[in-house]
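Asker: A single structure is presented below for examination.
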């Protein structure tokens with residue numbers, strides 16, 4: 001099998017921005033209003049808040065795992081995908097306390113909750129929150145859900161042949177939704193109706209070569225490029241709107257590249273979360289092999305690429 005990434009321009013990032021050593025770093029979200037980058041360590045129930053200007057880092061611990069964040073449109077703070085569903089976050093009032101999770105909806109059955117949890121998610125341009133679950137050991141049973149606006153309620157969006165749910169988002173015209181079906185090595189595409197939140201026309205947009213790991217989180221640039229983090233691949237890859245790989249970012253010190261987002265006042269800094277090899281024991285790797293695993297990285301893309309408004313505020 002030929003390597004579709006062979007010969008591509010490659011940017012190598014050798015040093016982390018923050019030595020966080022997360023067990024499962026994920027979900028980076030930049031808030032332009034406060035110049036703050038937020039991200040999570042799912043397996044340690046932590047939310048990191050890093051102010052870019054002052055370089056001040058504040059870490060909050062919560063009662064349960066938090067896997068994806070969304071800025072609230074009509075109130076301070078965050079909505080999130082937490083272990084059992086869609087929720088609001090209430091940060092701790094003192095450093096010795098844990099923050100509280102207020103669930104809005106827990107759509108899984110008790111049997112499902114015992115086997116899985118919610119994972120990645122994002123809000124569409126109307127403020128609906130989409131988030132999916134992880135599959136079982138046979139890469140089956142994952143599902144994608146939405147928490148709607150007005151009286152839409154909670155919907156099962158797709159539960160057909162889904163493995164681990166990961167990065168999702170929308171094109172700038174809101175006509176296509178992309179969704180990562182990780183253990184099937186696919187990034188799916190759906191036709192999307194922004195007025196109703198209904199998807200249709202599911203198809204495979206990108207197949208990720210297994211020699212390069214599995215697709216994880218994603219983000220978009222202003223040219224419509226899709227950036228996919230590669231779990232067990234030490235890299236993330238930019239794809240054109242047509243699904244062709246155009247650029248590789250190689251992070252040799254970290255095995256599991258989990259997610260990415262553009263940020264900074266000019267939206268030309270790409271922030272990348274990573275996870276420890278302990279989060280993927282099947283890889284037979286150790287932290288000594290990849291000592292920067294779990295750290296936060298930055299790629300300076302000034303003059304080349306800028307972010308765009310592909311992820312939106314929660315209005316549920």
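Placed from the backbone N, Cα and C atoms, the Cβ positions cover glycine too.
Note: TrEMBL annotation is automatic and uncurated.
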Asker: Report the candidate from 74, 216, 221 that shares the divalent metal cation site with 26, 166, as recorded in TrEMBL.
Answerer: 216
Asker: Might you list, by sequence position, any residue in that chain lying six or more from residue 216 (divalent metal cation binding site) with a Cβ less than 8 Å away from its Cβ?
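Answerer: In sequence order, the residues whose Cβ lies under 8 Å from that of residue 216 (divalent metal cation binding site) (at least 6 apart) are 166, 167, 180, 182, 228, 229, 230, 231, 256, 257, 258, 259.
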Asker: Would you count the other CB atoms within 10 A of the CB of residue 137 (substrate binding site), including those on all shown protein chains?
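Answerer: For residue 137 (substrate binding site), the count of other Cβ atoms within 10 Å is 7.
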Asker: Which three-state DSSP class does residue 166 (divalent metal cation binding site) fall into?
Answerer: strand
Asker: Around the divalent metal cation site recorded as 26, 166, 216, what other same-chain residues have a C-beta within 8 angstroms of the site's C-beta center?
Answerer: 27, 119, 120, 167, 180, 182, 217, 229, 231, 258, 259
